[in-house]
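Here the structure is laid out as structure tokens; the discussion comes afterwards.
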């Protein structure tokens, strides 16, 4: 078996990636989220495949087909809720994974980091299109509002929106193409994940100390396979509690009303994992400015290697930047809360303040804190 593991052309790749992979001996549970994201992706592809067998992407039957899945298909309700809440678990793991990368300076592995940002965009696009498919009120109006933002692009905006819609409004053509893209994108994401891993294995993993760990590596299996398995059990426990006891807690009640173009819901909002970006979008009164701020809220991650001023890689030994980091986390939670609130006083001013703080912390305060720490520790 050992000979086959090390010699067989295909098994050799798996061996070098998951079995004999040299791994730093001190990586903590924050490094579990990569494997958990892989698990989430597998769950989403499998549940999505079974949903696609019964779903119809037609405006007249889409809502009914989802109801049919929940009522008449064997364990259809479970598959549907696993898929819906699986997306939430996916994003929880994603945000923690990115947060870990920022905290421990993993963004200095530039190719891996940039590939991760592309993956984040791809997953967000997939989730957005998936939210449109049940064809409830929030599906329809969410699709209308978010796609309509592209009309802010000068000259080509309106034409572009009508091209995406396949007509003059969100209708049958839009739903059909969104279903097609929602189906294909997870497989593209899987390919991008392999590229992400390829880049990661070129440099090796980072570690909590941020130091070179070449002198102290251990094989991935059995040490980290068993550690990852514990993370998998905890994730599945949380996932099953969410799916079986509170399946609708993260959803919107409006989506249980069939889509009606003549009746606008009182508060149009996306799923909870987009609320922080939605709050940033709404905090700018100008349409184009809001769209740019929305895109920049994610693209700014690509500039983190350039904004790294400290001589140390991680925040483990940098209390000033640590404080800035946790203020940023709190700020993102505030933005998430604001994104779900109506556009009125005092939520408007809180959202604008939190949006300014988000960009200021990343672009101004964290780099300055890094320079101050260099001075204090005399690392110049």
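Just so you know, glycine gets a Cβ as well, placed from its N, Cα and C.
Just so it is clear, the model here is predicted, and its values are computed rather than measured.
Here Swiss-Prot gives transmembrane segment for one range in the set 12-32, 33-53: that range is 33-53. Range annotated as transmembrane segment by Swiss-Prot, chosen from 267-287, 288-308: 288-308.
Note on Swiss-Prot: of 157-177, 178-198, the range annotated with the feature transmembrane segment is 178-198. It is 201, among the binding-site residues 83, 201, whose Cβ has the fewest other Cβ atoms within 10 Å in the structure shown. The 10 Å shell around the Cβ of residue 182 (heme b b562 binding site) contains 21 further Cβ atoms across the protein chains shown. Among the recorded stretches 77-98, 113-133, 226-246, 347-367, the one sharing the largest number of Cβ pairs closer than 8 Å with the transmembrane segment (178-198) is 113-133.
Using CA atoms as reference points, the binding-site residues 97, 196, 201 were checked against residue 83 (heme b b562 binding site), and the closest is 97. Across the structure, residue 97 (heme b b566 binding site) and residue 182 (heme b b562 binding site) are spaced 23 Å apart at their Cα atoms. Proximity of distant same-chain residues to the transmembrane segment (347-367), defined by a Cβ-Cβ separation under 8 Å and at least 6 residues beyond the stretch ends, is recorded for 279-280, 282-284, 293, 296-297, 300, 303-304, 307-309, 321, 324-325, 327-328, 331-332, 334-335, 338-339, 341.
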